[in-house]
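Straight from TrEMBL, the features:
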- 31-128: domain 'Cytochrome oxidase subunit II transmembrane region profile' (DOMAIN)
- 134-246: domain 'Cytochrome oxidase subunit II copper A binding' (DOMAIN)
- 287-313: region 'Disordered' (REGION)
- 55-79: transmembrane segment (TRANSMEM)
- 100-121: transmembrane segment (TRANSMEM)
Amino acid sequence: MRAAAGRPPRRRRQVLATLSRLGTVIAAGLALSGCQMSLLNAKGPIGADEANILVVASIIMLAIIVPTMVVTLVFAWWFRASNTKARYRPDWAFSGKIELVVWSVPFLTIVFLGGIAWIGAHRLDPAVPLDSDKKTLVVQVVSLDWKWLFLYPEQQVASVNELVVPAGTPVQFILTSSSVWNSFFVPRLGSMIYTMRGMTSQLNLMADREDTLHGLSTHFSGDGFSDMHFPVRAVSDGAFAAWVQGARGGPVLDTASYTELAKQSIADAPRTFGSVEPDLFRRIVDQTIPKGPGPAQGADNGAPPNVKPKGGS
């Protein structure tokens, strides 16, 4: 009887410990709720739709997790040793109602999450142009070691490590790589997409208001990977026209200057080019221009590749 009498406090301590952990998680969630989370603080229609999918999927999963945690605590409390009202059924083996719940809930969860993923995958296809009354701006993107090159074919200007777009205007990105496999991502605008040498990928995004956002690479590509980030300035139509006009005062981006630009370097300051050699982007894709150096090959003795930039910085 003394051993039995000693069980309730231990059970209560276990329940209190579980409640304490749950309280810690909730407190952390409340503390983080004040943070500016990029993925949920979308600045464009694609990003907003993706944030909605994330929220809906999270709610569906919480609809399973929260009741499960509550029922676990209720069971632990109800079937405590000191509760004489709880029925002791050592020979219990099957319940059709429990089986129905245990199998139907995961099935419905898969159906709901699968439906959301299927609809979202088709609706948010990165290659599908966005509906708008404004003409789509085309930006050609080249990932280099370790910097980003943005070509504006209609405006005949280019920029390095800075992307400027007019707010409220759809932007079609046509992307490639001059070196190794990379990725292009502006979290608050929407989808991430890979860049690969010798081919192009397409991404359609739009900033719905003026703001300065953050773009980055999310695929490791060598020593300078962590510095492959760039500001994305969504400006008014007038400010964009003024920026283009100012960029035209920069140097020419031709084969020679591009070859120099493609050399490995880290944390390059943003700069612009006033004109671009015709068909430069097509030649980069077709690899008729020497490709970027990329990480060096390993030595014959099996030493790891040397990915230091040629400048040594």
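Positions of Cβ are set from backbone N, Cα and C atoms, glycine also.
Taking H, G and I as helix, E and B as strand and the rest as coil, DSSP gives the domain 'Cytochrome oxidase subunit II transmembrane region profile' (31-128) the counts 64 helix, 0 strand, 34 coil. Helix first, then strand, then coil: DSSP counts for the domain 'Cytochrome oxidase subunit II copper A binding' (134-246) stand at 13 helix, 54 strand, 46 coil.
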